[in-house]
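Okay, so here's the structure we're looking at.
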Ligand SMILES: Nc1ncnc2c1ncn2[C@@H]1O[C@H](COP(=O)(O)OP(=O)(O)O)[C@@H](O)[C@H]1O
Ligand SMILES: [Ca+2]
């Protein structure tokens, strides 16, 4: 049996029963110490290997954070609750909308004369936020309210009243356990810029991971989308421009996001929101109306609406038209003519004077548009209802044809076909659809019809609009530089794993050999 290997289990389980002589016991002593040292290295390497593996692949605990933003628009107020993982807060696209709430009632600016009703107005949605967000997170949850063009108009008319509305909101929100960060009127510039951040963040255009989960460099990221927001009282256009723009126009802003610079052009047209545009159009045409009646091509044949003429001139946007008409009842009668409707809408845009190289309308300089655009809010509501979104209709001719057909459909037919749609919206889709087309044409975007994507919820979750961008900015959640996504870079991780694995293999082999040798001394 001399020289033969002991069976495998002997290497590990057999114990020496007798020491043969002095010489061999010394050798055994050294070989046993060697085994101890190797064993020690083996255990250390094993611990290091496990630690590296765990650090890299640690399953992050479900530690979520929340944020609440109220969008106090001119026509209505909505609340959005956003949610994100606390550990990954600087990664893109990880903040999403977890719930939303429509505040019942009109826009907040109409509460100027009944401030006492503001708590009732907002408390239902606040109650929803309290129920949805775990109690222990309430104090850490930032709460914002941003008001847009309805409040901008009220401020122009009566600054004191606008302040009183915001104070009423502030005292109400301070009574809730959330981390209230303020209620304010955001500027049109912010509204455009935050809308642009929202859609590009959600579409993953600001930074990209590759398959190894590394952030890509500047030239590897995708082109951003321009943002088109259409509200009730104002509308914004925002896009990255490569045109050098003179500082005098003050229409651009610089962003540094995830290590990349963006020069963004943005402009907000007050009184060009869809509701104010309709009001301006009706006010403008009221002067030519035969006593008591106004023929309106943007409403369906057979549709009638009676308004008090004073209501047409009560807005800051229509005051300029107020002159010879004393208040009286005016019946608006639809004639359903798309082409005439379009012509009358065109009159709402001024094209007469431009003090720059190029203006879209209303003397506002704008550089040439570039790339794709995401159009949301009332752009989406109108085009989605009319089944005219750019993925469904491929050419402008088709859109025009469908609009002609829709506008000329008698109101009785439309009303019967869509009993579930709010009458205000349904009766105005011919106008709002035509307005969307005219506005896009004024922006020179209709030539590139398929480059305009009408969008509502991005990734089926988060509504496109300024609110998410606003919160991301105020919570510093979009870093200027690229964040490190893992404790080790991928090459370091791989190198460490290979080194420790090799070390383990060597120690194991050496250990086995030494153990085997020492067992000969024990025999
Ligand atoms: N489901 C809908 N269908 C049609 N229009 C809608 C729908 N929901 C909202 N709108 C319209 O979208 C616009 C939203 O504007 P809003 O955000 O309130 O104003 P602003 O941004 O100018 O302050 C309003 O004109 C409103 O009537
Ligand atoms: Ca809005």
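The backbone N, Cα and C atoms fix where each Cβ goes, glycine too.
Annotated range for transmembrane segment in TrEMBL, selecting from 14-34, 35-55: 35-55.
Remote same-chain partners of the transmembrane segment (35-55), defined as residues 6 or more beyond its termini with a Cβ less than 8 Å from a stretch Cβ, comprise 487-488, 493, 496-497, 500-501, 503-504, 507-508, 510-511, 514-515, 518. What surrounds the ATP site, by Cβ distance within 8 Å of the Cβ centroid and not counting 232, 233, 234, 235, 236, is the set 74, 148, 149, 188, 191, 229, 230, 231, 268, 269, 270, 272, 273, 274, 276 from the same chain.
Sequence-distant neighbours of residue 191 (active site, proton acceptor): residues of the same chain at least 6 apart with a C-beta under 8 Å from its C-beta are 148, 149, 229, 234, 236, 268, 466.
Listed in sequence order, the binding-site residues among 232, 233, 234, 236 whose CB lies under 6 angstroms from an atom of ligand 1 come out as 232, 233, 234.
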